[in-house]
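Student: Copied straight from TrEMBL:
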- 51-74: transmembrane segment (TRANSMEM)
- 132-151: transmembrane segment (TRANSMEM)
- 245-266: transmembrane segment (TRANSMEM)
- 303-321: transmembrane segment (TRANSMEM)
- 404-428: transmembrane segment (TRANSMEM)
- 434-453: transmembrane segment (TRANSMEM)
Amino acid sequence: MKNRSMTGSVKYKGRLTDSYERRMKYFKNDWTCFFDIKKLSQRILNSNDEYIFNFVSNFCLISEFLICLLILTFGKYTEIDWSTYIQQVKIYQSGEYNYTKISGDTGPCVYPAGFLRIFSLLSSLTKDGVNIYRGQQIFAVLYLLLIFFVHKVFKATRSLPPIALIIMAFTSYRIHSIFILRLFNDGIGTIFIYIFIYLLLNESYILSLLSFSMALSIKMNALLYLPVLGLILMDKFYFIPALKYLFIIPGIILLLSYQFILSYPYDYFRQAFDFSRIFLYKWTVNWKFLNEVYFLNKTFHKSLLFFHIIVLIIFIWKFCLKEQFNFKKKVFYIIERITRTRAFGFISKNFNTNDDIVFGLLFSNFIGISFARSLHYQFYVWYYHSIPYLIFSGMKNENGEKSIFSLLFVFRCLIILLIEVCWCIFPATFWSSLLLQFCHLSIYGIVIYDRYFC
């Protein structure tokens, strides 16, 4: 027994030593790349290099933390909607459940009831909204939470090169402002969106849909994810089970809104879910190159909705049903998913990887944003973090982008930079809006090139 124990101990020690030596060799090899520009430029373009991705992610999180501290210390708060949010919360807390009577300095409450629930909590944490600096601190923490989940989602796809995280961290001036210096509710909705995607990737479907419902209860822009979300669930569970999962969403919305629905249901739904709301021309970022008359024209609005639907259908047909290579197989797939029959034999599923899921959701959202009737400055957070993913996730080394110095890579970076510039110009101009539309078209071109032709 003694000898066997000693032998076993020696063997274990040998295995431990070998493992330690391998780890040290791997560690040394990893660190040497930081002193070799050529090797480093290749590794930060490699979406499968987990070590570099983790290193860059941690570096960016620390950098974001320091940037938030600098903004909290030296940044100047700008009052836009925070006081209005607090005024609306006070009216609600006083017992008023008629949505038409809940308003503030900048207008009526036009968000679903989840918004009032969240900002009631924020109001209590900031002494009825008076302690604005504490509110800024809370929003800084929320911003870091968003970045954490964004990195988690992108890491799970194994499609995004680590350098994209650096670009995202240092071209986000407007996003920091939206969170920490403006305290807009859009950022909170975006946090729930990325938590929803993260949970969806981990197959926590009920929790995922709860998070999506919270996002939708704060702002309706979350609806842009719904078409592809429905397809993902149908791809996973067939039509009827998917429908059962989707019923969680209206269930949560109704639960959060029960006080208003029981009291003044018509007023609540008309105001909280008003799809015909007219946006002010002076705040638009994406259509300033149009005359105000055209901007307010209902035919223009209907045209945008029409093209949104057409492009979304094309996207679903070409990319979300990519495993079915012809019209016949696509039709068979749809019939099979709805009827749950195997009459047509085995038909491949479409959302087989995390990249399929994330790309489908983020591009569906991007399509809606690119055809939006108006984009205000705070709406930038709706899609900012998805821009690097859409631009870089389909990038292949075979495209000639083996270096950060390639022209294709520089062009991708330039698009991100130009979008940031467009959103930082205030007020928006003819040329800034036109440039933003060009950048959006470029993203379409990049996605089609990467995912369809390469």
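Positions of Cβ are set from backbone N, Cα and C atoms, glycine also.
Curation plays no part in TrEMBL annotations; they are all automatic predictions.
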Student: State the non-local partners of the transmembrane segment (303-321) in its own chain: residues 6+ outside its ends, Cβ under 8 Å from one of its Cβ atoms.
Tutor: 227-228, 231, 330, 333, 350-351, 359-360, 363-364, 367-368, 371-373, 451-452
Student: Can you work out which residues elsewhere in the same chain, 6+ from the ends of the transmembrane segment (51-74), have a Cβ less than 8 Å from its Cβ atoms?
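Tutor: Sequence-remote neighbours of the transmembrane segment (51-74) are 30, 33, 43-44, 133, 136-137, 140, 143-144, 147-148, 151, 155, 162-163, 165-166, 168-170, 176, 180-181.
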Student: For the transmembrane segment (404-428), find every same-chain residue at least 6 residues outside the stretch whose CB is under 8 Å from a CB in it, and list them.
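Tutor: Long-range Cβ neighbours of the transmembrane segment (404-428): 41, 44-45, 163, 167-168, 171-174, 282, 284-286, 288, 377, 380, 387-388, 391-392, 395, 435-436, 439, 442-443, 446.
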